[in-house]
Amino acid sequence: MRSASIILDSKALTHNLNCVIDTVPDTTKVLAMVKADAYGHGIAHCLPALKDADGLGVACFTEAQHIRELGWDKILVLIEGVFSETEWQQSIEAQCQSIIHHQDQVQWALNHLPPENSPCRTVWLKLNTGMNRLGFESDELGDVAQSLVDAGYELILTSHFANADAPNHPSNAKQIDTFTQALQQLREQVDPSIKASLCNSAGILNFKACHFDWVRPGIMLYGSSPVEGVSAQMLKLKPVMSFKASLMAIHNIAAGTSVGYGSRFVANRPIVKGIVSIGYGDGYPRVVDGSAWVSVQLAGEHSSYKCPVIGRVAMDMIAIDLTDVPNPKVGSQVMLWGDPELGAPSVDEIAESAHTLGYELLCRVTQRPLREVL
């Protein structure tokens, strides 16, 4: 059987959630982001490990429905809001809270007021503070908030950082200032009980004065670093996903021999070449550069060997340089990414080789690899 597989460490997920809980004040609640099938990890596998979160955030109502079917009965927030008036009504039936970021959504909320004891009586009002993607502008926020409060809604003011991963970026201070001023005005002029949520993963770590009432951790829950130039290990985060395969063939090749599509790699010396049963059809990135590497584990040995990826990544296979591995064997385990403390490259390292982010690699893992939950 083809050996490509994903190992999901539920204890690591719980550990990372506890890191968030320990970082924020006791009065701050945690909305764990599980959009895109828990960042590619599989929400059904992750849900038990996230039981101590105060709520979950998803991108859309379809994701929320699935999570309700899995038995989650706590707060569930639609981060993109609803896309129609009908969906607003459906979200009330499913007891989902929603972000409101444009005037049509306001009108749907006014047209269909949830029951008085429904969690949907709380809405998340989105302010555009500088991300310039979604949300109301500061000068229209007051009227929107007043109409919702008058109708019987409780509000959580929310926004999103554009550059929280780079703490010294000048936009961060501007966004924080815009947000705090808007929050103060709403509390003074509309409702003093309005709550607030600003921080994503990077914000939680970099802007501790801005934790407010809710934080929204995402990528840090899954053990990938949200902060530019700081590794997940340095942040005491543990990788939840490990990606592994095995050696399926080994060949000796002479200097001057090319490997793979496009003959991009040409050996400059005699090398031992290994073929690994993994490719972009499994979610390994096709566009890795010459810095990408894997970890090869030989049977009966505790140490592992760092081996460069050579040639182009194909749909089902990659080639690696095994020259420095003593007596490699077909069937030996190959770690594509995982726990650096166990000798594997981190997902962030491979993402850097592919000129992207760990977020994307985790979300792009396909259904072909087998799943194993620890």
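Any Cβ shown, glycine's included, is placed from N, Cα and C.
Swiss-Prot lists K35 (among others) with the feature active site, proton acceptor. DSSP assigns K35 (active site, proton acceptor) to a helical segment in the three-state reduction. Long-range Cβ proximity for K35 (active site, proton acceptor), meaning a same-chain Cβ under 8 A and a gap of 6 or more residues, is found for G57, V58, A59, C60, E63, I79, G218.
For K35, the entry in Swiss-Prot reads N6-(pyridoxal phosphate)lysine, with the evidence type sequence analysis.
Swiss-Prot lists R133, M315 with the feature substrate binding site. Note: M315 (substrate binding site) has non-local neighbours G279, Y280, G281, i.e. same-chain residues 6+ apart with C-beta under 8 A of its own C-beta. DSSP assigns M315 (substrate binding site) to coil in the three-state reduction, outside any helix or strand.
Y261 (active site, proton acceptor) is surrounded by 12 other CB atoms, counting those within 10 A of its CB over all protein chains shown. Taken from Swiss-Prot, the feature active site, proton acceptor covers Y261 (among others), and the record attributes it to sequence analysis.
Y261 (active site, proton acceptor) is 40 Å away from R133 (substrate binding site) when you measure Cα to Cα. All protein chains included, R133 (substrate binding site) registers 10 other Cβ atoms within 10 Å of its own Cβ.
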